[in-house]
Each structure stands twice: as structure tokens, then as C-alpha cells.
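Per TrEMBL, these features apply:
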ACT_SITE  268  active site, nucleophile
BINDING   167, 177, 197, 199, 259-270  substrate binding site
């Protein structure tokens, strides 16, 4: 069997979906990360006029396309047998202006080492939660007391269908992404899988972004953690350093954290290079793994069941 056959089939499927994508609106954009989120539909009709009138239906035909400009990779340039100075020789300018000592221009580098220079992510069918996550919306500060968690948040988490995290189970069972596994501890209680996050291109180590997904299915968020889970958390902390070394990133260059509220309710730990900055590391969402371990080790085993946890929530978020 051709080892590239599955990849070719996947690419063909993605290309087919993208060609049927009908743009509806810009959900948001981020100039710092050179990323834009587009909402549309995967049209069920071949008629362009009919598709233009087809409404967006979350969970059915809704689709989110993310376009992101990829970062320069000196390693890729070096592998192509050129240097950064010679890279400038390959630039073809399209427009340009100059004002006194300042000049700016647009263009493309024809060098193969920088191709492809665009990453595309597709979510289809996109649920309303997917859409709301990326849409510009009013955000509010919430102080979640243990009482609020017990009365509102826990019941909300309990109501979430397992189908929403089937993709997580697919990774854990190695039905998908098995070739991308960086590290695995198969222990059912203290084990996990470490894989590159989909947001990382797996080349620029300054932006290294891995995620550790635990095998246990009863741990859904920070609120579930107690002293009984210290072996799991310490295991992730130590093995994250082993995984990062494969990319030349040392243990003192790592930032490990847990989101609350998380994007999905299956415990996972984010592992990034400290040079990487983004909204996911902001106060009001990211809880450093070292602090989590310290809180339940030295303050109280049930610290996260007793604590008031503040976070930012979008006004159209389901919760």
C-alpha cells in the first residue's frame, strides 16, 4: 500500500470542501498573528446563485476557514541552500512607496523554501460554539464561586455531548494523528499523549506549541483536580521537557498551563515556548501548571473545588 495514499485522499477531500466554501462574513481578524477567521457554508448545491441565498445553519452546513500567514523559518531557508541575505535577491516587488528615510513595499519571495507560505484550517460542520469562539463579541469578567460552579457551570459541562470531543478520543485511540505523537505514557491513570497543537506549523521552534491530552476521561477541567492527581500533573511536567527537547527547546524555555474555561472539556495541558505570546496565555484564562501543583500540594487538596476562579466570557458563549 502506498504510504502517501491516505495523505493524498485527505488533501483531495479538503480541497473539495474548500472549493464548495461560500463566504458569508468575517468573524474576526488578528493583525499580530496575521490570521483571519471566515464564516461561510459548505454549499449543498452546485448553483452559485442558490448558494448565495443559502443561510448558515450551525452544526449542518456552517464552516469556518482560518487563513494564517506562516512565519519565516531560517531552518527551512538553510535547508534550501541559501541564506537570509540571498533571500532578498528572490523578492519580486508589486507595490512600494518612500517618504524621506522610510520605505515600504509588498511582494513575494519566489524561493521554494518559503512555500507554502499560508496555513489553512477548516472546521466543518461548525457548531454555534465554534462560531461564537471566533466572532467579535462583548466580553465580560466573571468571578465563578464554588456555588456558581455547582449550580450553573457543572450542569453545563455535564450537558455537553461526548460527540463534541470525539476528535480527542480519536487522537487517544490513535485513529488519527498517530504519526504526530511526540510522547506517550499509556498508563490509564497518570498517562497522556503529547502532540503538536494544530495552531503550530511544527517548524519554527520559537513558536513551539504542544498539548498533553490525558488518557483519563473523568477529568474535564481544572475544577476536577485534587491531590489524587499529583502524579499525573507531575508526570506531564517532567515529560513535557522530554518532548520539547526533540525540538531543541530546553526545560527552562517552557510555559505549561491549563485553560479555565477550556475550549473543550477533557483535561489537557498546553506546552509552549516562552517566546510565544498570545491571547491564550492572558490572565483570566491561563493557570500555570506549576501554580496548580503548588496550590493542591501545599494549600489544600480540594483547592480548586473551594476557590473562586475568575475568567473572561464572551457575551454569546453558551455558558
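Any Cβ shown, glycine's included, is placed from N, Cα and C.
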Message: Given a separation of at least six residues and a C-beta threshold under 8 Å, show me what packs close to residue 267 (substrate binding site) in the same chain.
response: 213, 214, 216, 219, 220, 221, 224, 225, 258
- request: For residue 259 (substrate binding site), list the number of other Cβ atoms lying within 10 Å of its Cβ atom.
  value: 18
Query: Which has the fewest other Cβ atoms within 10 Å: 167, 265, the binding-site residues listed?
result: 167
